[in-house]
Every structure is written in C-alpha cells, then in structure tokens.
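Peer 1: Got a structure for you, written out below as structure tokens; questions coming shortly.
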There are 2 protein chains.
Amino acid sequence: MSHAHPELALPKPLEPGALRIVPLGGLGEVGRNMAVFEYDGRLLIVDCGVLFPEDHQPGVDLILPDFSYLDGRLDDIEAIVLTHGHEDHIGAVPYLLRLRGDIPLVGSRLTLAFLDAKLREHRLTPHPVQVSEGASIELGPFALEFVAVNHSIPDALAVAVTTGAGTVLHTGDFKMDQLPLDGRITDLREFARLGERGVDLFMVDSTNAEVPGFTTSEREIGPVLDQVFGNATGRLVVASFSSHVHRVQQVLDAAWAHRRRVALVGRSMVRNMTIAAELGYLTVPDGVLIDVKKVDSLPPDEVVLMCTGSQGEPMAALSRIANRDHRVSVGPGDTVVLASSLIPGNENAVFRVINGLMRLGAQVIHQGNARVHVSGHASAGELLYAYNIVRPRNVMPVHGEVRHLVANGALAVKTGVDPDRVVLAEDGVVVDLVDGRARIAGAVPCGYVYVDGSSVGEITDAELKDRRILAEEGFISVFAVVDSSSGAVVAGPQVHARGLAESDAVLAEIIPEVTRALAEAAAGGVADTHQLQQVMRRVVGRWASNRLRRRPMIIPVVVES
Amino acid sequence: MSHAHPELALPKPLEPGALRIVPLGGLGEVGRNMAVFEYDGRLLIVDCGVLFPEDHQPGVDLILPDFSYLDGRLDDIEAIVLTHGHEDHIGAVPYLLRLRGDIPLVGSRLTLAFLDAKLREHRLTPHPVQVSEGASIELGPFALEFVAVNHSIPDALAVAVTTGAGTVLHTGDFKMDQLPLDGRITDLREFARLGERGVDLFMVDSTNAEVPGFTTSEREIGPVLDQVFGNATGRLVVASFSSHVHRVQQVLDAAWAHRRRVALVGRSMVRNMTIAAELGYLTVPDGVLIDVKKVDSLPPDEVVLMCTGSQGEPMAALSRIANRDHRVSVGPGDTVVLASSLIPGNENAVFRVINGLMRLGAQVIHQGNARVHVSGHASAGELLYAYNIVRPRNVMPVHGEVRHLVANGALAVKTGVDPDRVVLAEDGVVVDLVDGRARIAGAVPCGYVYVDGSSVGEITDAELKDRRILAEEGFISVFAVVDSSSGAVVAGPQVHARGLAESDAVLAEIIPEVTRALAEAAAGGVADTHQLQQVMRRVVGRWASNRLRRRPMIIPVVVES
C-alpha cells in the first residue's frame, strides 16, 4: 500500500483523459467529508461536510474543508453530489454556496430536504437536482449512477462516476444491514453489475474497518427497547441523534405499544422528525406525539421524552436534565436510555451526564450495558463482501483517521487487490486515475478552516495556540504612560491579570520592578515605546517564571503622553 | 441504598463509642483517594492521592483532596496508611506533610519506597512505618491489620481498622487474579477470617463494578507479548504505566526470550524500575538493559524501547516518537505496543499518537486489537465473591464515579446485604458507624484543590471559568489615559486583543466608538476611572457581540494623568 508523505509536491497539470481526485476532507479524520473529481477541465464535488472541533480547538464552532483549492475554479463545478443528509456530509454546503450560490445540489429526497432546511437558516436558495437509486444523470463529462446504500439515516446513496478515465464507485457512508427496518438494503446486485462492467477505483467508507465481524442489525434494538419500556415504571427519557429516523421510529413504536406519549425535545430533533414524517420516512402513530409542555400534566409512566444531547453536549436537554436545569425532571424510578454511540473524545462529557442522572436516582441504560445502539457503518466482515463483489482495480479508503484507512486498505489487500493499487491518501493528497491505474500525483495545500461566531477561516492555528496558552497560563497585562520626550513614567505602571491564581497583593510586586526597569531604560536613553514594551515584557516574564513558576501571556503596553 | 443529598447539613459532634468516616476524595471521581477515620478524638487517614485534571480544568497540574476538614486537627492524626504506591493513593502526601511534617506513614516496603522517592523530590523527610500482610499494629485507638491484595502494582494491602465501634475492612484498590505473576493473591482466607469475626463496614473498590465477569489474569498477557515479539522483524516499542512492575517484567522476559535488549525510556519509568529491581520486585536478566543512547547502534530487531506515554501525554516519549521529535525513530516494519488501558478522556490524545505512528508505517498493537492489557481492578464477578466471603453488616462503595459506586452497591445488595445498609456517599459526605449501623451523618465542605505551578489551592473555579472564557472567546483590552480633573482623554484609547480572529483594522473600529463614549461620559460629568472603565466595557462588549458575534473577556483600563 502506498502512503502519502508530507513532502509531496504540487501535482503536475492533469493529463488529457485522466481523472483527478482531490480529497479536501474526511481522509485522516472523521468528519468534513469532501472529494473533488476533475476531468477534462470540469469539477464534480462529492459531499461537503463539517468536522466538529476537539478540546484543543477551544471556541471553534465548526471546521470546514479547505476550499482554497477551488479558488478561481468555482465556475468549473458541475454540481455537488450529497450522498446522505448527515452534517459531516452536508454541513459545509452553505459555506461553499457563499462562494458561488448557483451550484446544483444533487441528492436523494430526504437528503435534499434536510439540506434545504439548513440552507434556509443560512438564507440561501438551493438549486436542487433530486435523484434516487437507479437514476443515471450526466453532468458535463461526468456520468453518474446512484445506488441505494443502507446507513443510519434513510435514503443514503452510493455514486458511480464514469468518465473517459473509467468508473469510480464511491460508497458514501454505508453498512450492509440485511434486514433493515425500511427494507432498503445496500444494493449489492448493483455493486455486482458495476463490478462486472468494471470498477476502476473503489472509494470505500473506512469508519469501522478496524471492527471485526458484522454490524448488528438496527432491528435488534427494537426488542431491547420493548423490554426497557416494559420494565419502566416511571418517566422514560431516550436520547439519540436528531437525524436517526429509524431509531426514533423504534422509540415511537415502543412507546405506542406501551401506551406512552412521546415529546420530541431539541430544535434539531423536532425539525428533522417533522421533515421525515412529512416525507413519509417516519410513521407517527396518530396521537402519540405531545408537546413537551404537557409532559408534567401526564403520569410519569405515560410519557417518553425523545431528546438530543446523547454526546453530553452541555446545552442540550439531557445535560440540563442531569443538572436539574430543565423543565423536565427525573428522579428515583425513572429510566434514561442513551440510544447512541459514544463518539471518542466525548467520554468525560457523557459520563458526567450519566453520573448526574444516577445521582438523581435514575436508572441509565446505554450501549455499555444494553444493546441500545448499533453503528451506521460497515464492519470488516461487510467490507470484505463489498470488495469481493465489486472486485475493483484500485482502492482508495475514505472517511476515517489514518488507523481506519490503513485497516480498510489491509482488508482490500486480503481480498486480492494488489497492494500497489491501494492508495492511502490524506486530505489534500491528489490521486490521479490514468490508464486504469490510481496513483498519488502530489498534494495541494489543505488546512483546517475554522468557523467561530461570524468568522470563517479567520481563526488560524496561531490564534488557537494563543487561546491554549491563555487557558493554561492566563495573562498579565502591564501598562504605563511615559513622557514622550524623556521616557519618564508619568502614570502607572498598572498590572492586570486573568486566569492566574495570584492575589492583587502578589501582582503588586511587579510594579516596583517594572518602574525600576523603565527608569533604567529611560536613563539609558530608551524612549521608544516598542522598546519600553519589550523591557516590561522581559521583567514581567522573568518575575512570573521565578515567582509563580508559570509562563502567562504578557501584554505590555506603553502609551506616550 | 441511601444516597447522599447535596442539601446535607454539617454533622453533629461524634457520639462517644462511634466511628466517623469522612471521604475527602475518590468518591464521585477516579482519583485523589483519601478517607479520614475518627474515633475518640483521634484521626487515621487511609490514602492521600491526587486526581489528574480534565480538559475543562486547563493549566491545572494536579487536583488534591480538600484538607480543610483537617484544619486545627492536624495534631490528632495518628498516621497516614498507604494501601499501595499509585499516584492516586500517595500523590498528595507531600502536600499534607507540608501542613505537618512528622505524620507517620504506614505502608508496605514497595509503597514506602515509591513514596520516599516522591518525598525526596519535594525535599521532605518521611517518618515511615513499614508493614506487610499479616502485621497488626495499634495507633492510638485504632488497631490495624493488613491483608495482602493483588493489584496492578506489587505489594498492595487492604487494611482492617478496629475500634470500639467495630471493624472496618477497606480493600484499597484490588482485584482477585487467582494466578498472579508473583504468586501473591488477594488473601481471601484472611477476608473470611475477618468476616467470621465480624466486619461491620466493608469499604470496597468500585472501579470495575460495572464490568461483568472476571478480570483476566495478568499472566495471559505473556503469551500475547511472546507472539508479538516473535513476529516483529523491526524495532519494538512498548508503552505502559511506569509503576506497572509486572507488565515491565513480562516485557523484559519476552525481550530476553527473543534476544532483544531493553532500553527504559522516561524519568518515572527509570526511577520506579530501579527501585523495584533494587528491592527484588523486578527480576532483570543480566545484561538485558541498555541505555537509550545505545539503541541506534544496535540492529532494529535486537532492541525494545520500554517507555511511558501510553495515555498520549504530549511530552512523553511515545508522542514524541509519533511526531518524529525523539532520538528514536520508527518506520515501516516497526511495531509499537500500547500495553495499557485507555483512560476515559484520553481517547483523542491516544488515537492521535496511534495515527501518527501508523502514518510513519509502524504497526500498532493495543488493547483494541490484542490482549496486551488487563485491568488492575476487580470486576463484578470478583466483587460478588468478596461480598459473599466477608458477609459485611454495612457496605460503603469507594473509589469511583457515581455510576461505579451505584453499580457496586447493587452487587452488595444482590449478595444479601440490606439495601438500607449500603451507604452511597460522595466526597465530603460523613458516614458514622454507631451501634453496628453505618449512616450518613451530614456533610463537610469538600472542594477541588488545584495545584498549578507553585500555587496550591489558589486557583479557584472562578479562575478556571475565566480560563475557559479566555480559551473560547479570547480577550480585548482597551485603555485610555484621562485627565484627572476633566475626564478628557489625553492618550489612547488603545486596543489589544488575543485569541480573536480579527485583524488590527477591524479592532481599530472600536477606537472611535470608545472615544465618543468617553467624551459623552466626560461631558456628562463622569470622571471616576471606575465608571469610565464600565463605559468602555459596555461599548466594547456591545461592539464584539454585534460585529463579531462573540463574547470575549473585556479588560477596560483607565489611567489618570
């Protein structure tokens, strides 16, 4: 398997008849999935999602793919194909549409409906092209065929992209539940037909490539929920992802069977389930839904709260219930079900919520003690089926951290794919399909683009480093007013600090030291404010290091008067 | 089971003949274990450990138990009993000894040796009292008996504390490996004898109470390591905890069997293994150890690096190797083994290291794909044995988050303990043993004590909140020099910001707004610097909220000239 090296150069111009694929996100991370296909001067984008920040990226709301590769080429884009409606596949579309608003958006009915709701929040008007499994469309030099795949959201699609360079089959996110709730299986007959015709490059979801065996069927959760609901004597709270239509369906069904009403809680839960119900993806038994405001008027054993916050998000309903900061309370005899995965990195937050709920006396059921969640991604066993059915000429694992991509590549090799034809690329690494052979052709700049409040791409890693220093060490600002001619201090120095432990009395120790240093500097003829600021920085820095054993950020300011 | 409520009042004075137990740490969290026993006016402390901070506690080095309960009572302390040598049991001893240096320290040989090394770093001279299993000692009104227990560090002890109020058996940390490497099993015969005599209160390690079944024997790791070492053709790097003597022993043995030399890497690894070898707890085959500086002079297949950093700590050897920032390099053909648990909260850091190593081409073996780690704590199955053998009159789960304590209490109830006699307490909750009955008697103040640089207990939750705001929002400082009589601005305003995305040009927008507001205030007769600062804070805050959609910390400073 060929690994991309950080020393890669910019790629050469694309040869005629060759296809270029530039992953701008999702390769080397779980999120912000986006791939740019180029053929004959035209571009096709598959997915355009967001990545959620980690703790070392404080204050960041979202992370986008780096669109700078598209600079000057926006008019070459034929369309954005959206494989399904999850945030990590559609969440960055509004930001790309800000650069060019009329890019056609190709996707299934539910995917486009979820996207439409998002775009309306951004006050953007989409140009949708609705497709479904079995559809074939042509966009410039790209012939697209869509294949049904099964995932943790309905109406997901794989897409086959055929150009003069051959056929690329991109799975999107998928698993191969053989008995899905909606009967819509990943269409392996179509995978087989495409394989028979010839798949030159197979781009395959890597998320669960490290997980041995097969992902359990969503259907197996129903009986577990039924048992939990049957045993519950008090209030029931179920938390899950707000896009997981089938999971919510199972909760509605269990509630109905056990004569409970369901209140949907959380803005995204209400919005998505309203869409899903309107389009017929969610079947809502008549009268099962109630408004959350009515929950307290019903006996505890007649209600279910279906809410967000399964990842311990502090502002979501579940955290607030655990902190007794929500209109709905839970206590002894009540049951809370986390019908969701525990996304790595969220452990502390989730366990904080679980501990809070248990402290209140509630019983908490989660994937650690009951089968109340199954993954939406194909495990290693399923991936082997996919490789054996498609028999691709080249393989490019997508969607995952390095460990996932490597594991997925190893599975391809096990099924007989030539290791030299398994391309392990990370974001920005350019892969060309030339003469039926996929090869790394170079790399393009591809950084993290941070959304923070109203700013997009303005926060850099330097600011994030500043923020981490501020968080870990705090800051000391010190300023003085000096006479513009003599450099003598006429007011101050004053010291302010935040994030430090020290009292004002301790900080006051700095003042005589700074005063002395400024006097010495002035006596030595230094009157330039910049130089005086450097003097203050040195004195305060040395003091903090010696006296506090800390290295706070130091902001020295000298004003001339 | 009785749960402590946050509304608990201070306890009444202790009745004559009653025993009081005040947990100052470790109940409601994994770490900083410490319990204070009181009888007849005298105190006995069991363990005195540290807790490691989470991401929402930036800049904090360590978290200590809150010693304020001991204010004015330091001279009543008979001794500190240390059940074993892990940081979460001994790490806070130096901080308690700063309050009273001559408190006797009771523990086993290895525990005291690890503690001694720590105290020497703090320039403290211990007053040790060495004990071993089978020993009985009396300290004031407390009669202590020590019982061998098996854990992930050698020489761990449980302690039975007998007073006029009855016998309390405290397990410390333990598991019940029936075939431990050193043959030193948890002494269930002694547990049975104590149970026969009567255990009035059983304080039991809860860490793995949620884990069904039995903790696998440490012995099963040996064959796995042997296979890994046998298959490895390049360099081998093994990371684990620096106190895990038996794990290191297995690595030394596997290395020796496969004709590899071992370099110990990391200050704590070298220090602890030197102590363990000197005292005979670690058997080092002659010539197996080499200095890390010699690693590069040997062929890759003749060395093993045994290092720290298995939790992804950024400054530890393993992270630096993954970042190509260490004298030792790894590449294709090399194998890295993480022979350690993945402590919740460290997932992102650990996976970052694993991804980095895999990107370099190394194979990475960890508990997710091979049995290279077993826990040091008893699982639910073992705890049932313990309850059935001891048959305690009252139970108090210790060492764990709420979820662990609740699960452990439920196990006690399953073995027949009266639910009313299972006391679920968190830190600071006072439990009295009176007339053979354990009951919650109130609560004492018990906060987090943060160590940060040279400061102990000076950082408060308010400063941590400031730090989180600084991290997430950054800050804007704005200052002006005003005429002391008129309030007119004579220099400035100047604006400085950190952690924001905005350019100086954007920030400069603030200046005219501030100037105008100050002029209006001065015209309105406001000349007090404090009031002028409030004016600046309001103006800048509103600007940041409207213009940036952010809420940075704002530091307004007005100096009179």
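Every residue number used here counts from 1 along the chain in the order it is shown.
Backbone N, Cα and C atoms are what each Cβ position is placed from, and that goes for glycine too.
TrEMBL entries are annotated by machine, without manual review.
Pulled from TrEMBL, these are the listed features:
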ACT_SITE  A:ASP205  active site, proton donor
ACT_SITE  A:HIS377  active site, proton acceptor
BINDING   A:GLY59, A:ASP61, A:ASP452  Ca(2+) binding site
BINDING   A:HIS84, A:HIS86, A:ASP88, A:HIS89, A:HIS151, A:ASP173, A:HIS399  Zn(2+) binding site
BINDING   A:SER242, A:SER243, A:HIS244, A:HIS373, A:VAL374, A:SER375, A:GLY376, A:HIS377  substrate binding site
DOMAIN    A:31-225  domain 'Metallo-beta-lactamase'
Peer 1: Around the Cβ of A:HIS89 (Zn(2+) binding site), how many other Cβ atoms lie within 10 Å? Please give the count over every shown protein chain.
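Peer 2: I count 31 other Cβ atoms within 10 Å of it.
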Peer 1: Looking at the domain 'Metallo-beta-lactamase' (A:31-225) alone, can you tell me the average pLDDT?
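Peer 2: Looking only at the domain 'Metallo-beta-lactamase' (A:31-225), pLDDT averages out to 96.
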Peer 1: Under DSSP, is A:ASP173 (Zn(2+) binding site) part of a helix or a strand, or is it coil?
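Peer 2: The residue in question, A:ASP173 (Zn(2+) binding site), is coil (DSSP, three-state).
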Peer 1: Have a look at the binding-site residues A:SER375, A:GLY376, A:ASP452 and say which one has the shortest Cα distance to A:ASP88 (Zn(2+) binding site).
Peer 2: A:GLY376
Peer 1: I'd like to know which binding-site residues lie near chain B: of A:GLY59, A:ASP88, A:HIS373, which have a CB under 8 A from one of its CB atoms?
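Peer 2: Going by the Cβ criterion (under 8 Å to chain B), the qualifying binding-site residues are A:GLY59.
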Peer 1: Does A:GLY376 (substrate binding site) have same-chain partners at least 6 apart in sequence with Cβ under 8 Å from its own Cβ, and which are they?
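Peer 2: Listed in sequence order, they are A:HIS151, A:SER152, A:ILE153, A:ASP173, A:LYS175, A:THR215.
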Peer 1: Closest to A:ASP205 (active site, proton donor): which of the binding-site residues A:ASP61, A:HIS89, A:HIS244, A:HIS373, A:ASP452, going by Cα position?
Peer 2: A:HIS89
Peer 1: What are the non-local neighbours of A:HIS244 (substrate binding site), defined as same-chain residues 6+ apart in sequence with CB under 8 A from its CB?
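Peer 2: Sequence-distant Cβ neighbours: A:SER152, A:ILE153, A:SER340.
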Peer 1: List, in sequence order, the same-chain residues at least six positions removed whose CB sits under 8 Å from that of A:HIS373 (substrate binding site)?
Peer 2: A:ILE221, A:SER240, A:LEU338, A:ALA339, A:SER340, A:SER341, A:HIS366, A:GLN367
Peer 1: If you draw a 10 Å sphere around the Cβ of A:ASP173 (Zn(2+) binding site), how many other Cβ atoms fall inside it, taking every protein chain shown into account?
Peer 2: 26
Peer 1: Please report the Cα separation of A:ASP61 (Ca(2+) binding site) and A:HIS89 (Zn(2+) binding site) in Å, rounded to an integer.
Peer 2: 16
Peer 1: Which of these binding-site residues is closest to the residue listed as 'active site, proton acceptor' if you go by CA atoms: A:SER242, A:SER243, A:ASP452?
Peer 2: A:SER243
Peer 1: Under a criterion of Cβ-Cβ distance under 8 Å and sequence separation of at least 6, what residues of the same chain contact A:HIS86 (Zn(2+) binding site)?
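Peer 2: For A:HIS86 (Zn(2+) binding site), the qualifying residues are A:GLY49, A:ILE153, A:ASP173, A:SER243.
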Peer 1: Using a 10 Å radius around its CB, how many other CB atoms surround A:ASP88 (Zn(2+) binding site)?
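Peer 2: Within a 10 Å radius of the Cβ of A:ASP88 (Zn(2+) binding site) lie 23 other Cβ atoms.
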Peer 1: Please classify the secondary structure at A:ASP452 (Ca(2+) binding site) using three-state DSSP.
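Peer 2: In three-state terms, A:ASP452 (Ca(2+) binding site) counts as strand.
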